[in-house]
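Taken from Swiss-Prot, the feature S-adenosyl-L-methionine binding site applies to Glu65, Glu90, Asp117, Asp139. Annotation comment: Swiss-Prot describes Asp139 as active site. Per Swiss-Prot, the feature substrate binding site maps to Lys143, Asp175, Thr212, Arg213, Tyr214, Glu215.
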Amino acid sequence: MSKQTRPHRNFYGRLKGKSLKAAQKRYLDEDLAALSPGAVGWEENPDRRPLDLPGLFEGKPVWLEIGFGGGEHLVHQAAQNPDIGIIGAEPYINGVAMLLGKIRRAGVENLAVHAGDARDLMDVLPAASIDRAFLLYPDPWPKARHHRRRFVTAEHLDPLARALKPGSVFRVATDIEDYVRQTLQEVPKHGFKWLANAPQDWRRPWPDWISTRYEQKALREGRTPHYLTFVRE
């Protein structure tokens, strides 16, 4: 494969917040490199060679969480599903550091972590290689002029659809009603079908759900979580 031209990608949002604790810096120094899913960045993989997911996870089915926040859900799923390999993508380094601490405490070994833009990761995921994907409480970008920054746009949904296997599940959780509107409007345009027949299908959490700190904040502030399930057609 010849070297590809790197696309221009705007990145919006924070990469780093308040100062990291000494332990968090140590986790990043000692653990992050070993949890890499492989060559994702353009500098190390300009040809955009696909990742070797069977080699990474010993042939296990692979799940993907896009924007894992503090990592509660990611570690929970890894602990509950040891026969699944899970990749988490998160550009916010404070969230990555929080996740690494949780991984140490939980002792899970079926995780890989991309500390960067999910678009770069999706570039190098093999076609039809992912069995399940999660988008949980993504940045809502509430201003109308910023809605194009949301994940549920063609720029993100097309590469996600390419990476997901037919019949695989895509879960979206959000407490923002307009994000629900845009999700239901845009996701079905890109090869997905919404699995809902009645209101309880999106009001009720999934059976294996763990409530995250983002969800708890939404509940305290009086917002209603929505749990949307799609299948890749």
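Using N, Cα and C of the backbone, Cβ positions are placed for all residues, glycine too.
The separation of Asp139 (S-adenosyl-L-methionine binding site) from Tyr214 (substrate binding site), Cα to Cα, is 11 Å. Asp117 (S-adenosyl-L-methionine binding site) sits 22 Å from Arg213 (substrate binding site), taking the C-alpha atoms as the reference points.
Taking each Cβ in turn and tallying the other Cβ atoms within 10 Å, the top scorer among the binding-site residues Lys143, Arg213 is Arg213. Largest CA to CA distance in the S-adenosyl-L-methionine binding set (Glu65, Glu90, Asp117, Asp139): 14 Å, whole number.
Annotated pair Glu215 (substrate binding site) and Glu65 (S-adenosyl-L-methionine binding site), C-alpha to C-alpha distance, rounded: 16 Å. Same-chain neighbours of the S-adenosyl-L-methionine site beyond Glu65, Glu90, Asp117, Asp139, judged by a C-beta within 8 angstroms of the site's C-beta center, are, in sequence order, Ile66, Gly67, Phe68, Ala89, Pro91, Tyr92, Ala118, Pro138. According to DSSP, Glu65 (S-adenosyl-L-methionine binding site) sits within a strand segment.
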